[in-house]
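To start, the structure under review is shown below, and the notes come after it.
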């Protein structure tokens with residue numbers, strides 16, 4: 001019996017080490033173009049990316065691997081000038097009709113008007129959980145860090161290490177949570193002028209094309225998805241699975257203060273307060289503590 005237990009522990013340790021390795025490679029080594037490669041490029045040392053949108057097409061990139069839990073980050077400099085009608089998307093997603101997805105989308109605007117950050121989360125193919133924010137800086141003048149932190153307890157969206165949104169796991173109360181499917185990392189730049197700016201009233205000005213979004217330093221400190229076995233291996237509380245540490249089960253007091261500051265001053269839409277949209281039947285997670 002003791003020998004069997006030792007063997008089981010050894011197998012688990014090897015499995016966890018294999019699953020939890022950090023993807024610290026360049027964009028060129030860890031991602032590939034899935035459309036629009038003809039006019040986009042990976043530059044320099046392989047860790048600088050340009051996505052381009054013009055009248056021929058937009059462009060997109062995705063990670064070679066899928067992940068379950070951890071921290072996904074990218075430095076992004078958004079389209080400058082008149083970006084109305086464009087969307088720069090940066091998100092995690094699985095595939096299929098019952099897919100999970102965690103979104104950042106950056107909605108362009110007319111020159112001098114602020115970008116909107118559109119966030120959403122899909123669980124088992126169901127979304128409709130949008131929250132939107134303005135930014136407290138110009139996201140086109142330099143690179144800023146956008147991070148999705150995800151573990152079995154909560155999903156947190158960060159901008160330059162400042163949390164802007166939290167979605168906690170209430171699966172035990174019948175609220176779906178993204179913890180059963182590995183997700184790849186995607187980013188794209190595309191024409192969304194039917195909805196992106198003022199609900200589609202402002203269209204793309206193609207005389208401002210090409211539109212360019214720049215990226216640097218993709219990092220996935222995350223658990224590699226290797227099929228259903230990862231559901232348990234990626235959630236075992238070991239040093240290798242650092243996202244399982246108790247410190248990541250709750251925002252610190254300082255982080256909660258920053259989150260409140262963003263939401264008090266920069267949030268412009270919250271599905272949880274859109275009573276008209278949901279005809280008074282607000283989604284159940286909206287009545288649960290998230291922070």
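Each Cβ is built from the backbone N, Cα and C atoms, and glycine gets one as well.
Over in TrEMBL, the protein carries these features:
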- 101: active site, nucleophile (ACT_SITE)
- 105: active site, proton donor (ACT_SITE)
- 23-215: domain 'GH16' (DOMAIN)
- 109: N-linked glycosylation site (CARBOHYD)
- 1-21: signal peptide (SIGNAL)
Confidence summary (mean pLDDT) of the domain 'GH16' (23-215): 95
Residues satisfying Cβ distance under 8 Å from the residue listed as 'active site, nucleophile', sequence separation of at least 6: 91, 92, 93, 94, 120, 121, 122, 127, 178, 183
